[in-house]
Amino acid sequence: MEKVFYVTTPIYYVNAEPHLGHAYTTVVADFLARWHRLDGYRTFFLTGTDEHGETVYRAAQAAGEDPKAFVDRVSGRFKRAWDLLGIAYDDFIRTTEERHKKVVQLVLKKVYEAGDIYYGEYEGLYCVSCERFYTEKELVEGLCPIHGRPVERRKEGNYFFRMEKYRPWLQEYIQENPDLIRPEGYRNEVLAMLAEPIGDLSISRPKSRVPWGIPLPWDENHVTYVWFDALLNYVSALDYPEGEAYRTFWPHAWHLIGKDILKPHAVFWPTMLKAAGIPMYRHLNVGGFLLGPDGRKMSKTLGNVVDPFALLEKYGRDALRYYLLREIPYGQDTPVSEEALRTRYEADLADDLGNLVQRTRAMLFRFAEGRIPEPVAGEELAEGTGLAGRLRPLVRELKFHVALEEAMAYVKALNRYINEKKPWELFKKEPEEARAVLYRVVEGLRIASILLTPAMPDKMAELRRALGLKEEVRLEEAERWGLAEPRPIPEEAPVLFPKKEAKVEAKPKEEAWIGIEDFAKVELRVAEVLAAEKHPNADRLLVLRLSLGNEERTVVSGIAKWYRPEELVGKKVVLVANLKPAKLRGIESQGMILAAQEGEALALVTVEGEVPPGAVVK
């Protein structure tokens, strides 16, 4: 039976430039599409741009442009952005295309003739940026919950879709299909929405106010509400209702979205599908927000926006793709920063993977006449053939960061193997065994390169070229040992991941004296480590349980590189006890422990003697 996979991004609204949130969702979709193609699935990957609506119309007016010229220009920027990121989509749909307009009007007519659309008046609180009405309860301090902007009170005649009619059905469907909306927290959020009336959905705007949109097929004086229009892209791109692509791919649809558009995709879209007689999608996969380095939602006003294209230019697209997939647990709000990217780049890509390839090439020339040696049994490295089987469910469960961690753990095992076997010494006494060691490392790198291809397609093709391996690969080839064929390797190969030096601007030294009253504000106390464990969502962090004598605290600390959890228990450390609590990757840290650091060396500040937990440090 043919394996089929269909993945979509949201179609991006063209009122602004592509940003890191757009890039992340699109990289995840591209990773999933590449993984499934590699695994033999017939795959279709859809992205595109959402080009109608009041916000776009206003943006075009502000730019002094015709709306069509405006959307053509901005949509082109998204296409160029995805080219820069190496996004291999199968189709890029635009809602201004005739093929999309035809499907929107067909579905509208079908739902209207079934009696599920009626004309009425609506008065409510409207956010122009969202192009949505909100209830008083949904606002945050009177502002739009997504954009934080004032809403407008509006009253006008619109056509309405009988969405409330389908609420009981949707409630039951979600309860009977527990993996429909993922991760589970978002499923629970949607069920909470559906626990009370959701009302009917306004699906039109008067053409006199918003002329930029798809006209209703029965009333030319109204254009289609942007969400009713945009959501239908997922089937219009498949040539709904008669297209072969629709019949093949729609039953296997995975939507990827950000949590800010959960309600339209989890409530509006399913009820629209039900009313139109279209089967439900397979999965709705909801991503969290990308936060600035300060842990707050990115905002130009706060000055904490990370520019993906500046990072791409500096580190290369595959490094950026790897960082986003490896660092961010899908569905969670996660801080991103250039510093974190640089750390991940240097540790995983330059030091572990890139350096291993360079060392292996050098030893092949030195000890194997510049050739891949004859195949040999894999010994412990043959365990790598089981990795693909372990990674498949992780990818299907959206645990990309864990899948990549496992793949890179194998690369680390290859490094350990070559260091332990020391082929440079072995060659003096047992040259054949030295060549066998090198074959095993080359074969291990072949397996690792296949597993890492969906994340870093260009660099993994480069890796295979550098080692004389065939470039075209399939996932099943990572499940077999001994496929690296004896052959010469290229004499020249670029460094896969050159070291990146952090640029530090020289600043004039300034005196920064503080008074005793400033220092007195910091409350330092002795704390005893009762327990320590690895952070479930970050391999650089440890979670410590500390005793201050009369109370216990949880502290998250970035010391996992230097300390194992078990060696911390019983130590007396110095805690900044009056630091405001902060969430670090989902766990609240109630203070900070002190450490001294110089370069790569780090040591905790500890207290000797009989000083009890809770004692003040002066």
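Yeah, the Cβs are placed from backbone N, Cα and C, and that goes for glycine too.
Per Swiss-Prot, the features are:
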MOTIF     12-22  motif ''HIGH' region'
BINDING   Cys127, Cys130, Cys144, His147  Zn(2+) binding site
MOTIF     297-301  motif ''KMSKS' region'
BINDING   Lys300  ATP binding site
DOMAIN    518-618  domain 'tRNA-binding'
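Within its own chain, the motif ''HIGH' region' (12-22) is flanked in space by residues 47-51, 53, 55-56, 59, 70-71, 74-75, 77-78, 81, 129, 258, 289-290, 298, 305-308, 336, which lie at least six positions past its ends and keep a Cβ under 8 Å from the stretch. Residue density at Cys127 (Zn(2+) binding site): 22 other Cβ atoms are found within 10 A of its Cβ, drawing on all protein chains shown. Model confidence over the motif ''HIGH' region' (12-22) stands at 87, taken as the mean pLDDT rounded to a whole number. According to its DSSP assignment, Cys127 (Zn(2+) binding site) is in a strand. Taking the Cβ of Cys144 (Zn(2+) binding site) as centre and 10 Å as the limit, one finds 20 other Cβ atoms among all the protein chains shown.
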